[in-house]
Amino acid sequence: MNISIFGLGYVGCVSLGCLSKNGHTVIGVDVSQDKVDQINKGQATIVEKDIDEIIADQHKAGRISATTDFKAAIFQTEVSIVAVGTPSSAKGHLNLDYIFNVARNIGEVLKEKEAFHVVALRSTVLPGTCEKFAHIIEDASGKKSNVDFAVVDNPEFLREGTAVEDYYNPPLTLIGGESEKATSLISSLYEQLPAEVIVTDTKTAEIMKYVNNTFHALKISFANEVGNISSALGIDSHKVMEIFCKDKQLNISPYYFKPGFAYGGSCLPKDLKGLQTLAHDLYVKVPLIESIDQTNVIQIQRAVSLLSKFFGKRIAILGLSFKAGTDDLRNSPSVELVETLIGKGFDISIYDSNIQIAKLTGKNKDYIESRIPHLSKLLVDNLDYVIDKSDVLVVCNKEKEFIQKLSSIKGKTIVDLVRLPAHNEVKAENTYHGINW
Ligand code: NAD
């Protein structure tokens, strides 16, 4: 199939490479000339396991390209996938400007295009958004939704750090739409994947990603609270959660039930806030959902108070992004931790192999320069140097590089926010503090 993908960020870049690897011809569209140039040079726009190789191979095979010219891309394709950002506004509502700009672009082209066109929203959007998207296209094109074109919701379930693996093994494939022709066409895109395909009405599909992400955040906050209580009693919270997950009556997966640091990233905080704001707008009371974020704030404060006793020492932050395997700094709790520590006068250096100053390109460079320029001065590109010059090492994510390095280190003070796999060995050779175990 010929497919255009709007947005070449974390979701768009992975979809571009993986759909192409499955035999489709894919054109990426982005407003960022930098990202378009990267794809046309055979380079990925993000840091993610395996994606560099996939993009390079598919570019060489001639199945992927990118452009800022949305008209050309829509004319050459029968399906458009939308993967532009849906960030939170200051009040927690979704900023749908990027999404609706794409709707206007598509409407403008469909005015002149005869063939049936399917649009799949892969971006996370609240119920009712696909309907509004379709109205914008109708207004701009004079065409009729579910007759001349169709808009379906097709939420993305990948996680940064394991995005390619998740693309090929999703927990489920969900398609919401009212046109059978469109939902079958989109289903066929994923027929090689092992996941169950669920076709539903549009609004049910739209709410699902919010429900899922809110539950992931709830699991993390629950595990962290259990961890904090267990730690006060000298109980190993990881053992507690391991036994908890074996209870057959609960029938839950152990994913996210790992006591440790606060959650973060571009999805969980934003989608939790999105569902909460929707509930407020509907006058529905949600005290349970509202409390999830309070626990998360407490977890960051807990890390700050754990570190407060080291005032005057040189602190190394190992891992600035919210998890291993990604360069995404949006809503990273480590960024918040560092900012609080700077405010308290700590002497800090930061190491993250995915965010090296010398390699900063595209989005990350823009993000750092515009949102956290004060932190760029603290970033150091050499792990050994950071370790040598610091008195206290704070492990903020599970990047393999630190895990390996710390398992061979001796005589340091280590504050472990993520529970290093070799924590017992690390404890034997160093002064070791875990956040909640
Ligand atoms: P991102 O910010 O990394 O990428 C968005 C891209 O869209 C940017 O490159 C931007 O330049 C581009 N863009 C903006 N306006 C455009 C336009 N009019 N035409 C073409 N391109 C345009 O975003 P992301 O992290 O990939 O997330 C995209 C969506 O997918 C969001 O709704 C997010 O909630 C959802 N999602 C993200 C993840 C994740 O792990 N990042 C997982 C599942 C779902």
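The backbone N, Cα and C atoms fix where each Cβ goes, glycine too.
Bear in mind that TrEMBL entries carry predicted annotations, made automatically and left uncurated.
Sequence annotations record features per position, and here TrEMBL assigns NAD(+) binding site to Asp30, Lys35, Thr86, Thr124, Glu160, Lys270, Arg330. Contacts of Lys270 (NAD(+) binding site) defined by a Cβ separation under 8 A and a same-chain sequence distance of 6+ are given as Thr86, Pro87, Ser88, Thr124, Asn331, in order along the sequence.
Here TrEMBL flags Phe157, Leu158, Arg159, Glu160, Lys209, Tyr256, Phe257, Lys258, Pro259, Gly260, Gly264, Lys323 as substrate binding site. Note on Pro259 (substrate binding site): other Cβ atoms within 10 Å of its Cβ, all shown chains, come to 27.
Of all Cβ atoms in the shown protein chains, 27 besides its own fall within 10 Å of the Cβ of Cys267 (active site, nucleophile). The annotation active site, nucleophile is assigned in TrEMBL to Cys267.
Taken from TrEMBL, the feature domain 'UDP-glucose/GDP-mannose dehydrogenase C-terminal' covers 316-423.
Proximity to ligand 1 (Cβ under 6 Å from any of its atoms) holds for these binding-site residues out of Asp30, Thr86, Phe257: Asp30, Thr86. The DSSP secondary structure for Lys270 (NAD(+) binding site) is helix. The shortest Cα-Cα distance from Pro259 (substrate binding site) to any of the binding-site residues (Asp30, Lys35, Glu160, Arg330) is found for Glu160.
The residues of the domain 'UDP-glucose/GDP-mannose dehydrogenase C-terminal' (316-423), classed with DSSP into helix (H, G, I), strand (E, B) and coil, number 43 helix, 17 strand, 48 coil. Maximum intra-site Cα distance, NAD(+) binding residues Asp30, Lys35, Thr86, Thr124, Glu160, Lys270, Arg330: 24 Å. Look at Pro259 (substrate binding site): DSSP puts it in coil.
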